[in-house]
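Annotated features in TrEMBL:
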type	residues	note
ACT_SITE	C:Asp133	active site
BINDING	C:Leu75, C:Cys76, C:His77, C:Met118, C:Glu119	substrate binding site
DOMAIN	C:15-155	domain 'Molybdopterin cofactor biosynthesis C (MoaC)'
Protein chains: 6
Amino acid sequence: MSTSTHFDNRGQARMVDVTEKAVTARTAAASSIIEMNLTAAEAIRAGDSRKGDVLAVARLAGIGATKWTPTLIPLCHAIPIEGVELEFHWLTSPDDADRQSLQCLATVRTTYKTGVEMEAMTAASVAALTIYDMLKSVDRAMVIKQIRLESKTGGKSGEFVRGQ
Amino acid sequence: MSTSTHFDNRGQARMVDVTEKAVTARTAAASSIIEMNLTAAEAIRAGDSRKGDVLAVARLAGIGATKWTPTLIPLCHAIPIEGVELEFHWLTSPDDADRQSLQCLATVRTTYKTGVEMEAMTAASVAALTIYDMLKSVDRAMVIKQIRLESKTGGKSGEFVRGQ
Amino acid sequence: MSTSTHFDNRGQARMVDVTEKAVTARTAAASSIIEMNLTAAEAIRAGDSRKGDVLAVARLAGIGATKWTPTLIPLCHAIPIEGVELEFHWLTSPDDADRQSLQCLATVRTTYKTGVEMEAMTAASVAALTIYDMLKSVDRAMVIKQIRLESKTGGKSGEFVRGQ
Amino acid sequence: MSTSTHFDNRGQARMVDVTEKAVTARTAAASSIIEMNLTAAEAIRAGDSRKGDVLAVARLAGIGATKWTPTLIPLCHAIPIEGVELEFHWLTSPDDADRQSLQCLATVRTTYKTGVEMEAMTAASVAALTIYDMLKSVDRAMVIKQIRLESKTGGKSGEFVRGQ
Amino acid sequence: MSTSTHFDNRGQARMVDVTEKAVTARTAAASSIIEMNLTAAEAIRAGDSRKGDVLAVARLAGIGATKWTPTLIPLCHAIPIEGVELEFHWLTSPDDADRQSLQCLATVRTTYKTGVEMEAMTAASVAALTIYDMLKSVDRAMVIKQIRLESKTGGKSGEFVRGQ
Amino acid sequence: MSTSTHFDNRGQARMVDVTEKAVTARTAAASSIIEMNLTAAEAIRAGDSRKGDVLAVARLAGIGATKWTPTLIPLCHAIPIEGVELEFHWLTSPDDADRQSLQCLATVRTTYKTGVEMEAMTAASVAALTIYDMLKSVDRAMVIKQIRLESKTGGKSGEFVRGQ
């Protein structure tokens with residue numbers, strides 16, 4: 001028997017049948033962290049003063065990515081997305097030496113038979129990839145350090161909140 | 001003036017004009033690392049014995065993701081992808097206690113006016129996201145630990161190989 | 001504070017949360033007008049006599065465009081489209097001198113938490129763009145003169161009918 | 001015989017064979033004009049002072065639309081887009097009474113066998129539709145007044161510049 | 001009057017209005033048969049012993065195709081797919097001389113206002129096309145012999161089971 | 001070793017590297033046959049007299065499908081399609097008793113490093129699926145009897161013409 005519900009008992013991939021599952025309100029939040037050099041960090045911070053707003057582009061890319069999740073993730077259901085928000089937070093201050101870390105938190109909502117964890121994970125990933133794309137000319141060595149689910153609510157498996 | 005070539009000198013986003021750039025052979029390789037518990041790692045290893053091949057699904061998802069890169073990353077050019085390969089390597093052995101780490105290495109090739117770094121980064125990311133999706137029912141706390149460019153060749157900016 | 005609900009109170013773009021909104025039957029109708037020379041107008045009218053039916057192609061393009069609206073318009077929700085119709089009407093007679101005007105009216109229906117104004121607007125636009133594409137070889141100077149919402153029903157903001 | 005090259009001599013639609021056409025550098029520029037009330041115009045102008053940047057969203061939507069042109073316009077070839085820029089200009093001053101007009105100018109570049117007129121037209125249209133979407137809550141009666149090709153260069157049919 | 005509900009009474013294509021139809025559980029099953037030479041059949045059977053699993057790729061392609069059905073089939077509604085399974089069966093034994101036949105059976109589920117016949121038909125077709133693509137280098141003359149609806153349940157038109 | 005070039009020598013799927021292949025003019029032609037009852041056949045023939053032109057819709061669907069081939073077929077390269085034509089021919093006359101057969105022939109052209117066989121096969125399939133969709137209300141038992149490559153030219157593997 002397979003451990004993953006995405007396979008049947010012969011190990012064959014399938015889109016899991018959710019016909020009988022209840023329609024409930026669901027949310028999921030996922031985060032990504034991207035680490036960069038000071039020049040890249042300054043370019044992002046300068047966006048607030050109208051020199052090209054990297055985070056505005058990354059935010060739209062992350063929102064858009066929730067619409068492409070079932071295209072990217074082969075066995076994902078297409079889910080009616082009812083709300084998406086992306087927040088960016090610096091984990092380091094401009095005075096920190098060397099490497100700077102920026103966190104993206106993506107929150108997605110639906111009312112459906114299955115959850116939006118993958119939509120939140122994909123939004124956080126694509127926002128980080130977009131930041132990399134916008135600034136790879138100033139720091140090609142930039143690294144996405146972490147992508148993870150932070151929390152979810154709704155559905156039979158109930159609430160998940162990541163412990164520290 | 002903006003530091004990112006994705007903005008003009010008033011800070012307005014644009015798709016950079018590559019009309020004058022030379023068509024050259026280019027490659028890029030990017031990696032992702034996903035960390036999981038022993039149950040999830042066993043499910044992946046069991047795929048080799050026909051209980052549901054998680055990595056085969058993730059590999060196809062990563063290959064497919066190279067075709068969606070210009071859809072996901074707003075200012076990316078659409079590039080004729082001429083070859084894609086994904087390799088998976090365990091960074092830990094089944095006997096290691098606690099958490100297991102799997103690396104995905106995506107290599108992408110083109111002959112075009114601009115490079116395929118974003119295609120390789122997106123392939124590595126989507127492969128990791130697909131593994132998360134396939135196994136989140138056995139380890140919801142699984143974390144993508146790292147996504148980064150490993151190397152690139154071709155184009156005016158020349159070769160890049162990540163130092164250790 | 002922002003005037004547009006598509007931004008939060010810090011001016012950051014988001015996909016508006018519609019979780020709490022009621023599911024109701026909704027319709028929207030939008031129109032476009034395209035102005036062309038006599039040769040182009042004759043080519044369209046000749047379509048009725050089997051020399052290549054420009055409006056049949058434009059009608060399918062407009063229907064198809066309703067499916068791409070959330071891809072094109074960044075903060076749009078994906079809405080289950082339940083019906084689409086496109087009508088074309090000449091606003092000028094073949095005997096009118098000089099420029100001829102053709103109107104397209106697109107009507108879209110759904111039963112959902114938010115409306116289909118953008119789907120109707122996009123259908124009317126893409127139908128007009130398709131006519132331009134089909135006939136630009138005979139009249140490159142053709143102009144889309146107007147795209148506007150004509151009416152909507154359903155939802156909290158209620159009915160809208162454009163006055164003259 | 002059909003007047004449109006998009007039909008064969010029996011009036012049947014086809015994607016025109018461009019195999020024999022020469023690869024040349026090509027550009028196309030198209031414009032759209034959107035007319036709105038003072039409240040909507042103020043919301044756009046306020047975007048410059050960080051209350052939600054409508055034009056930044058519309059600009060990205062227009063750039064993105066060039067990638068979807070062959071999906072939207074049935075008989076269009078998929079063309080390698082090598083550069084896209086969108087400019088917005090007010091045609092009226094904030095002191096003008098009543099209705100305000102904003103122009104969008106989209107410029108698209110390629111090096112290919114056929115031109116990018118439809119990509120430029122689609123970019124200008126989708127930018128205008130996005131502005132409508134962002135501000136329809138403050139002015140549902142907003143009207144797209146005009147979408148037209150402004151100029152093109154390259155290709156066998158040569159240069160086109162719209163006269164006044 | 002037109003016989004097809006996809007046209008109105010003037011013969012103009014439309015997306016049929018399903019607003020008033022009842023939401024019910026619906027299933028559809030469709031099959032395809034692909035006929036190939038012994039070398040190609042052996043390559044597929046060898047997939048079970050880890051020499052490259054053609055059917056695993058075809059199965060994912062078929063599942064994915066259900067998500068693209070409204071893109072491919074112009075007047076199709078976009079339907080929330082709630083489950084997809086693909087089964088492959090050999091209709092001939094490895095000892096049969098000459099040509100070998102493989103059947104694909106695709107089953108699709110939804111709870112919606114209209115049925116999933118086209119999603120099942122498209123899944124069975126794309127799975128067969130993918131097998132052709134994977135093995136055309138060893139048997140370019142391979143033929144898809146049959147694609148047909150096998151059964152459907154739910155909706156006003158009720159149950160359909162193909163007779164022999 | 002694997003027989004299919006779509007797998008490496010460990011049986012892992014890949015997008016085949018075509019970097020070194022020569023750019024040449026290439027064509028491919030594929031056919032499909034759809035068998036239907038007399039009522040469905042009459043509905044198609046009536047399309048010529050303006051009661052709803054089934055074949056015009058199917059032709060556009062087939063042309064459009066060439067653009068979606070790399071999305072549908074997992075390991076396909078995205079190829080610049082330079083021309084597409086679809087022809088429909090009745091294999092039976094209206095006087096033939098019982099079942100009627102309609103053939104679709106799709107021809108696709110490119111100038112690229114790899115061929116367009118899959119684009120032609122997909123176009124012929126989707127045209128047939130669209131006919132099924134348009135007329136399933138009058139003949140749900142309609143069957144696609146055959147999809148196959150008819151011929152190809154260009155590329156290292158040279159010319160292929162199906163024998164009788």
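Glycine too: its Cβ is placed from the backbone N, Cα and C atoms.
The most densely surrounded of the binding-site residues C:Leu75, C:Cys76, C:Met118, judged by C-beta neighbours within 10 angstroms, is C:Met118. Looking just at the domain 'Molybdopterin cofactor biosynthesis C (MoaC)' (C:15-155), the mean pLDDT is 95. Non-local neighbourhood of C:Glu119 (substrate binding site): C:Ala28, C:Ala65, C:Thr66, C:Thr69, C:Ile79, C:Ile81, C:Val84, C:Val108, C:Thr110, each in the same chain, at least six residues away, with C-beta under 8 Å from its C-beta.
Over all protein chains present, the Cβ of the residue listed as 'active site' has 25 other Cβ atoms lying within 10 Å.
Summarised by DSSP class, the composition of the domain 'Molybdopterin cofactor biosynthesis C (MoaC)' (C:15-155) is 50 helix, 48 strand, 43 coil. The Cβ neighbour count for C:His77 (substrate binding site), using a 10 Å radius and every protein chain shown, is 21. Of all residue pairs in C:Leu75, C:Cys76, C:His77, C:Met118, C:Glu119, the annotated binders of substrate, the farthest apart have Cα atoms separated by 13 Å. Looking at C:Cys76 (substrate binding site) and C:Asp133 (active site), their Cα atoms lie 26 Å from each other. In this entry, C:Leu75, C:Cys76, C:Met118 stand out among the binding-site residues C:Leu75, C:Cys76, C:His77, C:Met118 as having a C-beta under 8 A from a C-beta of chain D. Cα to Cα, C:Leu75 (substrate binding site) and the residue listed as 'active site' are separated by 27 Å.
Contact with chain A, taken as any Cβ pair under 8 Å, is found for the recorded positions C:Leu75, C:His77 out of C:Leu75, C:His77, C:Asp133. On a Cα basis, C:Asp133 (active site) lies 22 Å away from C:Met118 (substrate binding site). Taking the Cα atom of each, C:His77 (substrate binding site) and the residue listed as 'active site' are about 28 angstrom apart.
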